[in-house]
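Database features (TrEMBL):
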type	residues	note
BINDING	32-39, 636-643	ATP binding site
DOMAIN	266-591	domain 'ABC transporter'
DOMAIN	602-932	domain 'ABC transporter'
ZN_FING	251-278	zinc finger
ZN_FING	735-761	zinc finger
Amino acid sequence: MADKIVIKGANEHNLQHIDLEIPRDKLVVITGVSGSGKSTLAFDTLYAEGQRRYVESLSAYARQFLEQMDKPDVESIEGLSPAISIEQKTTSKNPRSTVGTVTEIYDYLRLLFARVGRIHCHSCGEEIASWTVQQMVDRIMKLPEKTRLLLLAPIVRGRKGEYRKELRQLQAEGFVRIRIDGEMYELGEKIVLDKNKKHTLEVVVDRLVVKEGIEGRLADSLETALRLADGVVRVEEPGGESSLYSEQHSCAECGISYPEITPRMFSFNNPYGACPDCAGLGTRLYFDAEEVVPNPDLSLREGAIAPWETRTGFYYHQLLEALADHYKFDINTPFRELPERLRKILMHGSGKEEVRFFFDQGGRRHFYDKVFEGVIPNLERRYHETDSDRVRENLGHFMNVMPCPTCNGARLRKESLFVRVGGKNIQEICAFSILEAEQYFSELQLADKELEIGRRILKEIRERLSFLSYVGLDYLSLDRSSGTLSGGEGQRIRLATQVGSSLVGVLYILDEPSIGLHQRDNRRLLETLKRLRDLGNTVLVVEHDEETILEADQVIDMGPGAGVHGGHVVSQGTPREILDDPASLTGRYLSGSLTIPLPAERRTSERMLQIRGARENNLQGVDANIPLGVMTCVTGVSGSGKSTLVIDTLFKTLSQRLYRSREKAGKVDEILGVELLDKVVDIDQSPIGRTPRSNPATYTGLFTDIRDQFTQLPEAKLRGYKAGRFSFNVKGGRCEACQGEGILKIEMHFLPDVYVQCEVCKGARYNRETLEVRYKGQNIAEVLDMTVNQALKFFENIPRIRNKLEMVRDVGLGYIKLGQSATTLSGGEAQRVKLAKELGKRATGRTIYILDEPTTGLHFADIQKLLDVLQRLVETGNTVVIIEHNLDVIKTADHLIDLGPEGGSRGGQIVASGTPEEVARNTASFTGRYLRPYLNL
């Protein structure tokens, strides 16, 4: 196979017809400023073509089930391997997806427990031994004399199929009756089963009456049943009492028999393994009294019961008045001061006691007597009876999640939890952190036979655990829900899974794997990437991290600018060659000729936001002081509790206090100093819009001003056009052929959908009449096609538009187009559009801005622009709190809070706090250790 991937004439998005050769079986880093075309080259060109070629090699039938990539705009790509993309996105939000299932460790655990697990009785706890036919006979003969029995052989249990052959075979063997899904049938009649439904088939082997002398017949019948049903027989009494006997798994003491132990018994996604009450989710939704009465200082009249404060609230107020009259209490008394008994009646109902209620109709008051349902039972009934998603969503605000009371959050049925390996059940092992699980399996002692059976399974489990530990995730537990992982954690989990799969000859494409990773853990990540390469794979990494760039076999520097000013390969070669190339902006930062300067002085503040006793997740009663009016960085190794402290505790509590948000905040004793703030803003990297109709102009409010400007034109006034005429989202001014999309989608079924330009408006999105209105020679469609920098010149004499454009330019987004679809913006770009919008608002000086890793996707040059913007926010009196690992940002902060010392249960404490210089001198701080060279200490 060729030793290079050769790309010719790549024009996708902003790529400028580039020709490029990428060495195979090497670690290659693509870097460059934001918007220079890195992701376009890696994901939209190389990955898209590699995936498309693979999918096209499959049958038309298989292709319809797979996502099909569009063919990228490139003349040719030679030497391309099958491509696997590991992107910077959160893993599945499915509540059934866990770290164990994503990494496939749970699949191997299920197999291990099915093959070498020891079964224990869930009644007496004794280890279960197998039953012989003689033991079964003795047990049955202990039943009262004249007890009628039915001996059944369960030949099929919960499997799909028609089973014609089996039914014919049973009839041929002389059996007369069979019970199918609980209904009795004669084998002689015509039995038709739905092959798509699961069925249980139990053959009637014998019908007996317990009395002396039947032992021989009973033993023969049991042997027949055991032969038919692979060692299982059901003995049923007329009252429905049923015992399942097994030659393999039954408790001799209690008579409790186990079904055959199979891997599906340990799957919480299968009805045979899942807890029947929570269907394998491990949690139950319930109406929380604290959410129903969020402010107990309010009286019932003032609306203490939040869900009853609706348009239909008048009906509920009449109920409360009747209750106040019946139980002799004042409806104006704060809920907190009502007697405990009354609060209980209000929440859970009056039991059997009837209350006289009333309603007014036709000028008369009508009375009726009935028991009071209670607020919580009322909400539960409405939640389960309604067919409206909206009603269910509204009621969901008053619900909380609790562990399932049946399985205590273990997700599995009790039979599955009484199978043990090394004295532990499968849930106890999944609750371990990766580090604890590694230790458990390294010390696990098994009998010789079990060791022989489980050797290969244990090897796979140990390897996968070591890979997870190696990429810095040893603090995660196997039962941690995938939806709670950060983007960086999710990406490194998928990376560890790929290393574990040991594929060869693959092109791996990764998007900033160092995000969310402390410098201490970076070295292990690099070793993992090199291990992937050494297996015989090409590893292509889009990355800005200095250490990763310097460790690469080859670096491709994209640029020189962003958007239309980018799309070229500025420099390519070894890291040393990049450092020596004056044309490479990356090289100049790496060599030290360009740097992000230290601030001339650190700001200080006497005013503090004081967090006391934060205990959410792994936080261990943290007390933290956040100075107001300065820039604070929260640092620490992965999993140390940064996001829990800043997002789950600080942001959500402030949202509750300032905006009466219903989102559940992390456990904390108190937060002092909230009265010094009037706004809290979380600027994250989520998209600014989920549809192609959303764009930077609409999000920042620019589009409103631009449309208003067009309505002021003489031509628009003459025609009577209002602002709506210049919107592509509503009828009137938009092109109705494409409904303002500018493109038409043609479904191709077995091929990727084709998007073609609308023939009527030629992609302009507006109808001909609207486009006839021009400002300075440009129509509304041409204005939306301008970059921010072009629009700045165009609208330089209109202050309200110019000011907003300057904000977007100042955050480093001068290259994006005003009408660019929000779905094409990267996470870093979306975050900076949000920053630009905040900059444009009138400063109150009492706002706290919270940012989680804002340097994601940012080049050294872009970080400088971001810092300039953040410093502007602080200079107007606002407070900025950043979760960050990037040392260039950390060194410019006024105050640091360093969490640790480790991740998971070994973290959640403040290791150091103070100025960057103070933290750098703290020997206990890992962050301080790496920060010293940046501060020249």
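Heads up, the Cβ atoms here are built off N, Cα and C, so glycines get one too.
Around SER34 (ATP binding site), the C-beta neighbours below 8 angstroms that are at least 6 residues distant in the chain are ALA562, GLY812, SER826, GLY828, GLU829, GLY857, LEU858, HIS859, ASP862. There are 29 other CB atoms within 10 A of the CB of SER36 (ATP binding site), with all protein chains counted. Taken together, the residues of the zinc finger (735-761) have an average pLDDT of 82. Of the listed binding-site residues, namely SER638, SER640, the sparsest CB environment within 10 A is found at SER638.
Secondary structure from DSSP puts LYS38 (ATP binding site) in a helix. Across the zinc finger (251-278), DSSP helix (H, G, I), strand (E, B) and coil residues number 4 helix, 2 strand, 22 coil.
Under 8 Å, Cβ to Cβ, and six or more positions away along its own chain, LYS642 (ATP binding site) finds VAL634, THR635, GLY636, ILE883, LEU899. Long-range neighbours of GLY32 (ATP binding site) (same chain, six or more residues apart, CB within less than 8 Å of its CB): LYS38, ASP557, MET558, GLY559, GLY566, VAL570, LEU585, THR586, HIS859. Reduced to three states, the DSSP call for SER638 (ATP binding site) is coil. Helix, strand and coil content of the zinc finger (735-761), in residues and according to DSSP, is 0 helix, 8 strand, 19 coil.
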